[in-house]
Amino acid sequence: MAEEAAVRAQAETVRRLKQDKADPDEIAKEVAKLLDMKAQLGADEGKQKFVLKTPKGTRDFGPKEMAIRERAFKAIISCFKRHGAEVIDTPVFELKETLTGKYGEDSKLIYDLKDQGGELLSLRYDLTVPFARYLAMNKITNIKRYHIAKVYRRDNPAMTRGRYREFYQCDFDIAGQFDPMIPDAECLKIVHEILSDLQLGDFVIKVNDRRILDGMFAVCGVPDSKFRSICSSVDKLDKVAWEEVRSEMVGEKGLSPEAADRIGEYVQLHGGLELIERLLQDPKLSQNKLAKEGLGDMKLLFEYLTLFGITGKISFDLSLARGLDYYTGVIFEAVLLQQENEHVEEPVSVGSVAGGGRYDGLVGMFDPKGRKVPCVGVSIGIERIFSILEQRLEASEEKIRTTETQVLVASAQKKLLEERLKLISELWDAGIKAEMLYKKNPKLLNQLQYCEDTGIPLVAIVGEQELKDGVVKLRIVATREEV
C-alpha cells in the first residue's frame, strides 16, 4: 500500500508543477520519476494484463497469407514491368498541407500525426498525391512509374470485404505531354491484363470522363458550386438505387427536382461506341463545349481499345463519377461480376478492384510556377483481390507452400551432423534453397515427414555407406525414387 500512496503523491506533485507552469525540465524530471515508480509497482504486482489484438481495421498476415499475397504481387509487378515502368518510393507520411484539399469529401479520412519537431504531418492517403509532389519537387515532366506501398485511411473498416485502415496500393502512372488517349488506353489495357492473369472471374471496366459529367451537370441545370457534391452522390449509383441517390440530391444537397430528373435520364445509360455516337448527336450535350470534348476523346479511346482487342470488357457508363477531386478527364473503374446462380440474368457486382483516371492539374498545384504535368494512372485494389484469392484457396483446399526450400539435407545414421553442415553450406553457396533439422541425431523418418508436411520436393541423404563411396543419395519425396 505504501508504494501506491507514494505514486499518488508523486502524481499530485506533477499536477501541481503543471498547474504552476513550472520549468519544463523540472516537470519532465518529475514525470520520469512518476513513470519509474509506476513501472516498479506494475513489476511487483506481476499481473500486468495486455490486450492482444491488432488495431481496428488492420490485420496480421501469416506465412500462408503472405504466400498468396506474393503470388498476386508478382503477377502485377511483371505486368507493370512489361509495360516499361520504373519504380519509385516515397515516405509513409507527408506534410499535412501536401494532402489537404486534394480529396474532396474524403479528406476527413486522413490520419493526422502528433506534432513532432515542428512539422504537421499526416499519413499518406493514397500514392497519387505523393507522386504529384515528387514530380513537382524534382521538376520531372516525363515518367512512367509504378509504386507499391501501404496507405492509411481513418475509415470505418469492413474487413470481410477487404476494406482496411492500413492497406497496400499498387499504382501505375504515366506523366507527360502526349497525344490524346494513347496512355489512357494503355492504362486500361494494363487493368485488363492483370485481372485476366489473376483469373478472378468475369469483370467489366467502366469508363467515363469528368468533362462529360460536368457538361451533363451544366445542361441539366446544376449550379457550378454544387458540381462536386452532386458528383459524389452520382458516385453511389453502383451501391444504391437511383431513387435513393435522387432523394439525397434533392433532400440533402438542395438540388431542384427537375435538375435531378434530367440527370437521371443520362446517368442510367451505359454502352459502347454506339452510345458515344448517340450522345455526340444529343441536342443538349452537343451544345456544351466540355461534354463535346470529353465525348470526342471517349470515341478516340474506344478506337484504341478496339485495336487492343479488349472492348468486350469495357463499358462507357455515365453513372461512373469517382469521388476524388483531382480527376480532370477520363475516369475508370474495374468491377468483378459474380454469377450468383444460373437463373439470374444480370451478373451481380462484387465491388471495385481497380480504378483510376486522368489528373492533369494535380502536379501544377504543387509547382511554384503552376507548371502543369498531365498524368493518367491506375490503382489496383490488391486487398479486395487478395480476399477473393484467399477465399478461393480455402474453398479449393489446395495446399499452399509457405517456403521455397528445394532440398532437405538429411542423415541416415547418428553422428553425421558435421557432414550435414558441410553439405548444406555447399548447397547454400551454390544458390540452392536448402534446409536441415536442428537436431544432432534426427530420425530419418522424422526428416522425411518434415518434407511431406512442408512440401519440400527433394531429400539429400548422407549415410556411412554414401560417405565411403563419396556420393549423396537424392530422394524424390513424392515418388520415393532414389538416385
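Glycine residues also receive a Cβ, built from the backbone N, Cα and C atoms like all the rest.
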Listed range which TrEMBL flags as region 'Disordered', given the options 1-22, 23-44, 221-242, 265-286: 1-22
Number of other Cβ atoms within 10 Å of the Cβ of Q169 (L-histidine binding site) across all protein chains: 19
Contact set, same chain, for the compositional bias 'Basic and acidic residues' (13-22): CB under 8 Å, 6 or more residues outside the stretch: 30-31, 34
Residue counts (helix, strand, coil, in that order) that DSSP gives for the compositional bias 'Basic and acidic residues' (13-22): 7 helix, 0 strand, 3 coil
Per-state residue totals over the domain 'WHEP-TRS' (1-55) - DSSP helix, strand, coil: 40 helix, 0 strand, 15 coil
